[in-house]
Each structure stands twice: as C-alpha cells, then as structure tokens.
Amino acid sequence: MEEDLFQLKQLPVVKFRRTGESSRSDEDGISGEHEVQIEGVRTELEPVELGDGAAVPKEFANPTDDTFMVEDAVEAIGFGKFQWKLSVITGLAWANAMEMMILSILAPQLHCEWRLPSWQVALLTSVVFVGMMSSSTLWGNISDQYGRKTGLKISVLWTLYYGILSGFAPIYSWILVLRGLVGFGIGGVPQSVTLYAEFLPMKARAKCILLIEVFWALGTVFEVLLAVVVMPTLGWRWLLILSALPLLLFAGLCFWLPESARYDVLSGNQEKALATLKRIATENGAPMPLGKLVISRQEDRGKMRDLFTPHFRWTTLLLWFIWFSNAFSYYGLVLLTTELFQAGDVCSISSRRQEVKAKCSLTCEYLTEEDYTDLLWTTLSEFPGVLVTLWIIDRIGRKKTMALSFLVFSFCSLLLFLCVGRNVLTVLLFIARAFISGGFQAAYVYTPEVYPTATRALGLGTCSGMARVGALITPFIAQVMLESSVYLTLLVYSGCCLLAALASCFLPIETKGRGLQESSHKEWGQEMVGRGSHSPG
C-alpha cells in the first residue's frame, strides 16, 4: 500500500474543472506536494489496471488530461505520411522561384530585342516587386480572415493565369502590366509556409520549413536549365509560359489541402478542426489524444494593430528591416551575377560601361552559353545554403543563424572589390548566394514561429511586403547605379547586410525549441511551457 501511494505522488498534478479546461498546477516544479482537485467525475469511464512497471498503452496518448489543444494533438500525432504529402504540394507552390529567376534572364533578352534603355529594363524587374509589395499584406489579411487554404489557392491561380498571359504580350507596356499582376499573385505564395508550419510538430518544424525551401532552389535551377534549352530555339515567350508549369500542377493538387486546424479552432469551427486532426492521425497511423478539443478564445483576426502591441512592436520593426535586407541583397546578387559575368570581372565593368556609352546607349549583349553555365553554378549554391542553415539553425538558434548569414554575405561583397578572375568571382558569388539564401530561409522559419495564430499570416504577409520593397529598389542599384560605380554598389549591399546582422542580434525573442503561440492574450510560448515535458526536477 505504501509503495502504491508513493507511486501516486510522483504523477503530474492535474486540476479538472467543469468548464472543460484543464491545466497543470503552477506549483508542480516548485513544491513536492501535489493536490488533485476533482469537481466533476465522468462515471462512464471504466478503470484500467496495469501490472507493476507496465507502460501506459500507446492508445492512451494523453491519459491525464480531459481536454487537449491543437498543439497537443499535432505533437501527439507527430510527423508522418500526411506531412510528407503536404511538403510536396506546398513545395510546388514554392517553386514560384522560376517566376523570380526568369527576371535575370528576361531583362537582357528584352533589352536587346526591344531596344530598351537600362531604366526600362530595371522597371520591368521592379514592377514585379511592386505587385508583390502591394499584395503581401492583403494576402496575409485574407489568410487570417478566411483561411490559409483560401488565400493560397487564389494567389496561386492568379499567378498561373497572368504568368501564362504575359507570354503573349505584344509590346513593352503590356508585359509591364502583366508582370506586375504576376507579382501581385506571387505576394500570396509565402502563405504556404503559414499553412505548412501549423501542421508540423515542434521538433520537425525548422527542418521541414527549410526542406521545402529546396523547392525554391529546384525552381531556380530548373529555370536556368529551361532557359538553356528554350531561349535559343523557342524564345522568351515560351520560356514565360513553360515557367508556369509547377503552379499548374499545384492548382490540380491544391484541392487535397486541408484548412489549418489552428485557424479553424481560432475561428470557432471546432468540428472541422477535429475532423482535420483525425484525418492526419489516420494517415499517419497514430492515435488521437483522449478528451475534448479545447476551443480557443475567439479573437479579431488579421488586425494590423496587433503587430504593434508592446510585446511585438520591436520584433515587428526589426523583422521588417531584416526581410527588407534579405530581399534587397538576394535579388540584387541575382541581377548582379549576369552583369558581372558579362563583364568578366568587377574591375572591367567601369571601362566596359564607358565603351558601351561611346558606341551607343542601346548597345546590348545576349547571354552566352558560358553565361548560362556560370549562372547555373551560382544558382546551385541554393542547395548548400539549405544544408548549412539546416545544420546550424537548431544548434545556434534562429537569430544567430540570420546574423551569421548576413555577415558572410557582407564579407564576400567586400572581397569583390578585388580584381579577381572569373573563377574566383564565381566562387565568391556562390558563397554569398548560399548564405543570403540561408538567411532568407531562417527568416521564413522564425517569422511564423514568433507570431500568434490570430496574426501569423498577417505578420508573415507584412514582412514579405517589406521584402518586396527591398526587391523593388534593388534593380536600380544592381543595374542603374552599377553603371556609375561598381564599388559604391557593392558597398551599399555590404553595409545593408551589416546592419541586418545587428538587427538579427537585437530581436527580443528566440523561438528555438518553442511551440507556436495560439492566442495573443497569453504569454509568449505558454502553450508549450510545462505541457508534456515535466521532469522530476
């Protein structure tokens, strides 16, 4: 008898209330004394006897609580077949990198074919980012108000439609408008990360979000390979049409996507959320937690003011600058790569520009086979970038990963001041792109983790919008300012990334090892503190 009483005292304390909520005592980790308050008893439950030392059966996934939250269910079900399918489908949406990579290929082609001055070439790139900037917050608001799946489907179908239409543009003004509308649709594609993150258990979240970034890298590589085959034979119009293929495949598969259970619970749709969780458990072959799914306090969703509460104000402002710097530097490097390869090295750009101006302001050069080869090599750097970020992000944390990525990019930018040959130039561009893409990926991991469910999509959307501001400005630095001074151009990118590294260090919240916050009315990370991870100490 005494031994049984001793074993009972080791059990975690649970207080059962008539409201349907359950919580562990705040004094669990402080005092060895434990109380169990039972105000209402469910008499229909039958007792289960276990032998000495026997483990609790797997079917009883949550035997001590009479309620559970979505976070508990996601953690109990774990990672399985459902998440693998979701990874592939959301990855297809993420392959919209093809629509972005095409900018560095399309610009020199239209510059030559339509005899466009440099400012019109830069405007063709910038208009895509204007569309993305103007729509990112809108898509985030739609995703918070009407569901992640709804926002994602509409944005992808929009991008697909206008991406194909832009291949039929007869004149410059038409392609300018159509590419702007493509950018408007691309602004909603990052919401795939919001939907994806909300189905992932805590331990797998960072790795999985980084791994779907592989689809971005695959998209950029496929775009260069497609350009090598299509541009000499079919031309840029077919390149634009064929670049929409991944989105066409996604459009056919997106009806399989479920709505986020976290969103359904927050919007009061408990039955739909429970059905989604049961579907995931069935596909993964895992048990559902016992008890009743708790409906979170319903909140106003998608409100901009929630991003500037005292708890999130500093985080929001720093993240906006970090995302701005990421896109400004990443797309700047993509555009600089073709310029630098056509010149041969940094030191010859100034003399080359002067010779071109002496001949004709509209003199152009098509991308050669060697240019495409080197472009492919620098594009392949996306994969090492994913691997490096994957290795360090759970070791040193999200903030330090972003800071390190910015510092390495800044250092490589400064090394470009040297008159290096083409081979060394390719290596430096390879390293710089690997780390700036890694920093971008770390930001995509951190941002959905730091905001609560009610503002998660809006927070990601506004950050994505600030990134597009950086991407909007960067063509005028990488293509227009470059004509005046290559050194000033490199100094701008290097200085911006140094400031972004500092901003990453000053972020007030580190999300490594934390659960997703469900409600903005709770302390950050409260959902995972003390839940399912109690230890005798």
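Positions of Cβ are set from backbone N, Cα and C atoms, glycine also.
The structure displayed is predicted, hence computed values, not measured ones.
What TrEMBL records for this protein:
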| type | residues | note |
| --- | --- | --- |
| DOMAIN | 85-512 | domain 'Major facilitator superfamily (MFS) profile' |
| REGION | 518-537 | region 'Disordered' |
| TRANSMEM | 86-107 | transmembrane segment |
| TRANSMEM | 119-142 | transmembrane segment |
| TRANSMEM | 154-175 | transmembrane segment |
| TRANSMEM | 209-230 | transmembrane segment |
| TRANSMEM | 236-257 | transmembrane segment |
| TRANSMEM | 311-331 | transmembrane segment |
| TRANSMEM | 401-418 | transmembrane segment |
| TRANSMEM | 424-446 | transmembrane segment |
| TRANSMEM | 458-478 | transmembrane segment |
| TRANSMEM | 490-509 | transmembrane segment |
- Task: Determine which residues of the chain contact the transmembrane segment (490-509) at the Cβ level, with the cut-off under 8 Å and only residues 6 or more beyond its ends counted.
- Result: 314-315, 318-319, 321-322, 325-326, 328-329, 332-333, 346, 399-400, 402-404, 406-407, 409-410, 413-414, 416-417, 436, 439, 446, 450, 477, 481, 524
- Query: Under a Cβ pair cut-off of under 8 Å, which of the recorded stretches 86-107, 236-257, 424-446, 458-478 contacts the transmembrane segment (311-331) most often?
  - Reply: 458-478
- Report the mean pLDDT of the predicted model across the domain 'Major facilitator superfamily (MFS) profile' (85-512), rounded to a whole number. 80
